[in-house]
């Protein structure tokens, strides 16, 4: 029995790109020509011109669960049918006379009066499309909806004479055998459904070039799929495949194969048959071994085998000489083969989070690489001069390894680099002059190392924008830090600093200054010169007072001074108009808050836990920060003065002969002053 025998007649109805139901011979009266769509121009309505839109431009999309015969998406919008000013007016299905289609329940029915006298078997089929502006609620997901969706799929396939069919996100559970009628299809999109298996009739789509089956529940593929010999792109991401279906190896025309996020444990040697593959994604599976067959895929440009359980790579990987992107991150790799040096077209090599203790010296041959990332391994040193050989590198990430010193190779290895990350290693010093050629270096992360001092030439890092030196053993900052005038982020938390140099005030572009968990007792007055500062973190130090110049930090939104020895807050804190978050908790000597704090109108969060605020009643403190701020406002002398002047003005305006007798006004003011004095 031939699965692909067709029972369709020549008069089968299809949906043209204008969104109009038309027979293969064309429907007179109406139909936009040339551009179609909601706002497209063209010849519209009347005149009896036949629409002749090519099948290549046609697209049928199905909106699942709507209960309609089908919905049209893309550039065509039938909701614009009521606008006679554009070409879509004809495309909406209105008659040549311009009669507006009508419907009920927010739906517009395609209708043509000229069809009334036609025999029933030759009339164009009706398509119902929901208006976007309809207030009718969309149906909720119910058990019965997929059944309705499957029925609508059958109807859609019966009309199928197009080249691109989109049935994605439609709650489809079954693809009917009538799919064999769609022999003209070149693109079929079935992603985000509930399909458990494909019918054998899928093999009848011999013109298919793009098949998207991602986000379903497929566990296998039918053998008949091998008949789709022109298939170029196959997407099977997010399914339930326990192996690569054998039929895939017979699809010799494949150029792109997505198998991400399945349950695949092995790759068969038959993979070598897919010699036309340029992109292969096996990401997020359970693969433990990648066989030598990978070396036969000489046209590969992208290979993603990340997030698997690979321990080794075959030497044959070096045969994939056209690879530009190789992602090996989040595996269990113990080594990288020397043949990796053959991949001279390699631009991106991801080796993050494996079990590597070294990398091969042959990597220096991959001179096209612009990023080198081995984060999260156990590497102690790089081959001599390797980074210097990779002169195109702009980003180097060596974080979370076992480096005890900077890589050998001198200043030349950082010539074109703008970002260096050596976080979480065991480096105890930054070599003098190591960045002397790194004129473009803007970001340096040395967090969680063993630094006790900074190099004397730190003042030459003039282009530095972000400097992270947190969690080291630094005891002082050199005065030359003043030369880093492009610095915007300075992280010095968890060190052993006792003071901050006055020259800190020269860092006029600084936005974030983090000094948490040091031994600082006093902040320099020059801190007030950092007018761009937005976050100042002083938590867990030994600070007894804040400088009054802090009131000049008009852009400050976050201030943390918790866990210190504050005795008071300066009145100037009321000048911080942008302040949103203030942490002053756990200051055992802080007994009162300045009334000026109530002037911080943008303050959203105030933490005063474990502060002995003796001047504020306990019941107010128990009510939380918002009640404390309200109490400060109510008892602020500024509020009393304001009330005094408001009362005085009101009294003057209400006095007999106000404005004409200065003495009367003075008396009233005096009375109000007396009452204000009594209140005080």
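Glycine is no exception: its Cβ is also placed from the backbone N, Cα and C atoms.
Per Swiss-Prot, the features are as follows:
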- 1-19: compositional bias 'Low complexity' (COMPBIAS)
- 26-49: compositional bias 'Gly residues' (COMPBIAS)
- 73-86: compositional bias 'Low complexity' (COMPBIAS)
- 87-96: compositional bias 'Gly residues' (COMPBIAS)
- 97-106: compositional bias 'Low complexity' (COMPBIAS)
- 658-668: compositional bias 'Gly residues' (COMPBIAS)
- 669-680: compositional bias 'Low complexity' (COMPBIAS)
- 1-54: region 'Disordered' (REGION)
- 73-149: region 'Disordered' (REGION)
- 658-680: region 'Disordered' (REGION)
- 161-182: repeat 'LRR 1' (REPEAT)
- 207-228: repeat 'LRR 3' (REPEAT)
- 253-274: repeat 'LRR 5' (REPEAT)
- 299-320: repeat 'LRR 7' (REPEAT)
- 322-343: repeat 'LRR 8' (REPEAT)
- 345-367: repeat 'LRR 9' (REPEAT)
- 440-461: repeat 'LRR 13' (REPEAT)
- 463-484: repeat 'LRR 14' (REPEAT)
- 486-507: repeat 'LRR 15' (REPEAT)
- 509-530: repeat 'LRR 16' (REPEAT)
- 578-600: repeat 'LRR 19' (REPEAT)
- 602-623: repeat 'LRR 20' (REPEAT)
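Here the repeat 'LRR 20' (602-623) has long-range neighbours at 557, 562, 577-593, 629, 631, meaning same-chain residues at least 6 beyond its ends whose C-beta is under 8 angstroms from one of its own. If you look at the repeat 'LRR 19' (578-600), the same-chain residues 6 or more away from its ends with a CB under 8 A from one of its CBs are 539, 544, 554-572, 606-616, 628-629, 632-633, 635-638.
Within the same chain, residues 283, 298-316, 349-360, 362-366, 368 sit at least 6 positions outside the repeat 'LRR 8' (322-343) and bring their C-beta atoms closer than 8 Å to a C-beta of that stretch. Packing against the repeat 'LRR 5' (253-274) from elsewhere in the chain are residues 214, 229-244, 246, 280-297, 304: each is 6 or more residues past its ends and has a CB under 8 Å from a CB in it.
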